[in-house]
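Notes follow once the structure below has been shown.
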Amino acid sequence: MDQQVNELKEKGNTALNAEKFDEAVAAYTEAIALDSQNYVLFSNRSAAYAKAGKFAEALKDAEQTIALNPFWPKGYSRKGAAAVGLHDFMKAFDAYNEGLMYDPTNAILLQGRQEITASVLSHMQSQGVIPMDVDPHMPRARRAPSPTRRSNEPAKPAEPRVEDMSEEEKKKYFAKQEKELGNAAYKKKEFDVALKHYNAAIEHDPTDITFYNNIAAVYFERKEYEECIKQCEKGIEVGRENRADFKLIAKSFARIGNTYRKMENYKQAKIYFEKAMSEHRTPEIKTSLSEMETKIKEQERTAYINPEKAEEEKEQGNHYFKKGDYSNAVKHYSEAIRRNPDDPKLYSNRAACYTKLAAFDLGLKDCETCIKLDEKFIKGYIRKGKILQGMQQASKASAAYQKALELDPNNAEAIEGYRQSSMNFQRNPQEVLKNAMSDPEIQQILKDPAMRMILEQMQNDPNAVKEHLQNPAIADKIMKLLESGIIQIH
């Protein structure tokens, strides 16, 4: 229906410009029958009636225009013109004044008021009613006091006179007026009103990309995303044809990108943010592009997850592990992890492979991930203990086995691992000391001047340890040194 209304309106506009007034009235009337709330149609028909000399009909349509949109200045200018045609000068004067309440700088309304007052005064002068020296810009009874202006304030530039403008200047002037009215409505979230004004702006000046961008913004707010994209694409086309600023074209591309982001089509969003960047680089667009790349990676990762495929890969990993082909086993376990990254057993299995390959750092990392995913997964602690034993870190191995025993005090593997690591810890104090001194955390504690002072105090006064253990931070460091074998308390 909207398309049919627009076609009829365009038909009416063409007829009006060709001075085929009856044909214009007929087209507008048919359009109104389809959209009786469209104030622009009533305004256009009012203009056609006035051009045809049918001022009563023109006045009626002007009043209907105002009733539908009382904030639109053109309705009041239509009413004023129709009232002048009917020689109802007071009604015309009131119409222009009322319109100026909504848009005090509107050139058409100001000009209309000036012309009507000049006509009235000229008529009164010819009748000898008023003296010749009266200011012709305002009737005496309605004249407002001139506002005072401070001497240091620059005079405001005079409003442009529409009659002095070229046709092209008039189009741009009226288009700007409509855009500003649309912006005011947009800020109030009166989106239907905003759309009518922006479309009216395009009627005056179809070469300005800004109007299409503004219409797209309305559709974006209304979550009509397909229409938003359509308007942006039209704006880009118009902008290219009329050599618009690259910043405006970038804005259109970025809005399409934001629209696709709202639709969660991140790949398309990325494409349009890239296009926006190619027109005009801004930090905001760059950030949006980075966000889309992150979203796409996450989507791809999530899409790749398949627990059934992960189980198949795990079985392949088990097969190669039993054969002693640990490198191939690692490959299959790694693929299983990509297919199901939240399964702690897969990390535990791969950690066993790394242990066999003496890649203890990688195995330890897998054990930590395994425990993080499931703190009660006892196998993770046992694997960690074995790796730490292989790294000659007996005290840390003991702690890992101890965690396993807290979960299952009767676990034979944990009991044996704890026994062996404890024996190694007690059997070779020099090795213990050597391993402890290679621990970065131990080194950091021993480099701390405050801790060195505390250790000296404890050496001279064994009872001082009780006092220092009252401080949780110091107690934690002392326990770390005790566990590593650096210090002993008897």
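Cβ from N, Cα, C; glycine included.
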Notebook entry, point to check: TrEMBL tags one of 131-168, 283-320 as region 'Disordered' - which one?
Noted result: 131-168
Next item on the list: Using a Cβ cut-off of under 8 Å, list the residues of the same chain at least 6 residues beyond the repeat 'TPR' (310-343) that approach it.
Entry: 304, 349-350, 352-354, 356-357, 373
Next item on the list: Summarise the repeat 'TPR' (310-343) by DSSP state, stating how many residues are helix, strand and coil.
Entry: 28 helix, 0 strand, 6 coil
Notebook entry, point to check: Residues sitting near the repeat 'TPR' (5-38): Cβ under 8 Å, six or more positions beyond its termini, same chain?
Noted result: 44-45, 47-49, 51-52, 68, 196, 203
